[in-house]
Ligand SMILES: NC(=O)c1ccc[n+]([C@@H]2O[C@H](COP(=O)([O-])OP(=O)(O)OC[C@H]3O[C@@H](n4cnc5c(N)ncnc54)[C@H](O)[C@@H]3O)[C@@H](O)[C@H]2O)c1
Ligand SMILES: O=C(O)C1=N[C@H](C(=O)O)CCC1
């Protein structure tokens, strides 16, 4: 499979390394909006760029009839527009805030735990995410997905980075050099606390998940998620 890398930073380079070990080739590397987007030999595009470039990168791949995967975070206010754009082009698109197998299992645990806790309002929920200091967005896309799962299952109405009201989930976003990604959710009552935590040791899980998703999506049409790829359901 020939893969276009839309974004060739930390993640683009990790994806390239894994793709080569799985006998794929890299057809295109884009590092700037002024680069030439020639998709003529590309089977699948993988976008890990910057929040301001993701929408344009995704649309360029869809315009060229190339299935596209995006792991870029911080652009999700345009997610619905992209779904409509993809469908209008009869194209193929998959976004995940986190491609790692471990986090996708963690998402399922979070969903189930928030369903259980929904009946017990004595538990207050808060979250901490830690990432490297080069990260442009806060909170992380993964933290937003986790918060949205909790909001779907409980009386919490929104998440906030600020001091939270009773119906808001506080997300503490910490930036510490070289941390690949840590997420912890705590359900706290006066009597006890339940915490679940995922720690990425490196970027390999994100990169491997993106390559697996690219292999899976190559000949499909429509809009997909990592749940479709991994088929994990608790
Ligand atoms: N979904 C996941 O599993 C996951 C995992 C890790 C990182 N991320 C996200 O992926 C994104 C990239 O992370 P990173 O650590 O590789 O960042 P990075 O800063 O190392 O790399 C970003 C790259 O995008 C390039 N770029 C800038 N403008 C561009 C444009 N117009 N078109 C294409 N590329 C452009 C930059 O040159 C740079 O090479 C971030 O949004 C991050 O949050 C997601
Ligand atoms: O390094 C990053 O940036 C990461 N971004 C994703 C997010 O925002 O959730 C996934 C974890 C690493």
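Cβ atoms here come from the backbone N, Cα and C positions, even for glycine.
Sequence-distant neighbours of residue 131 (active site, proton donor/acceptor) (same chain, 6+ residues apart, CB-CB distance under 8 A): 140, 173, 174, 175, 176, 179, 180, 181, 182. Secondary structure from DSSP puts residue 131 (active site, proton donor/acceptor) in a beta strand. If you look up TrEMBL, you'll see 131 marked as active site, proton donor/acceptor.
Per TrEMBL, active site, proton donor is recorded for 135. For residue 135 (active site, proton donor), the same-chain residues that are 6 or more apart in sequence and have a Cβ closer than 8 Å to its Cβ are 175.
Annotation source TrEMBL lists NADP(+) binding site at 29. Taking the Cβ of residue 29 (NADP(+) binding site) as reference, residues of its chain lying under 8 Å away and at least six apart in sequence are, in sequence order, 4, 5, 8, 12, 16. In the three-state DSSP scheme, residue 29 (NADP(+) binding site) falls into the strand class.
Residue 96 (NAD(+) binding site) falls within neither a helix nor a strand when secondary structure is assigned with DSSP, and so counts as coil. According to TrEMBL, the NAD(+) binding site annotation covers 71, 72, 73, 96, 97, 98, 99.
Within 10 Å of the Cβ of residue 142 ((S)-2,3,4,5-tetrahydrodipicolinate binding site) there are 24 other Cβ atoms, across all protein chains. Residues annotated as (S)-2,3,4,5-tetrahydrodipicolinate binding site in TrEMBL: 132, 141, 142.
Sequence annotations record features per position, and here TrEMBL assigns domain 'Dihydrodipicolinate reductase N-terminal' to 2-99.
Residues in the domain 'Dihydrodipicolinate reductase C-terminal' (102-230) partition by DSSP class (helix H, G, I; strand E, B; coil) as 48 helix, 36 strand, 45 coil. Annotation source TrEMBL lists domain 'Dihydrodipicolinate reductase C-terminal' at 102-230.
The Cβ centroid of 71, 72, 73, 96, 97, 98, 99 marks the NAD(+) site; residues of that chain outside this set whose Cβ lies within 8 Å of it are 70, 95, 141, 142, 206, given in sequence order. Residues listed for NAD(+), 71, 72, 73, 96, 97, 98, 99, cover a largest CA to CA span of 12 Å.
Taking a Cβ cut-off of under 6 Å from any atom of ligand 2, none of the binding-site residues 29, 71, 72, 96, 99 qualifies.
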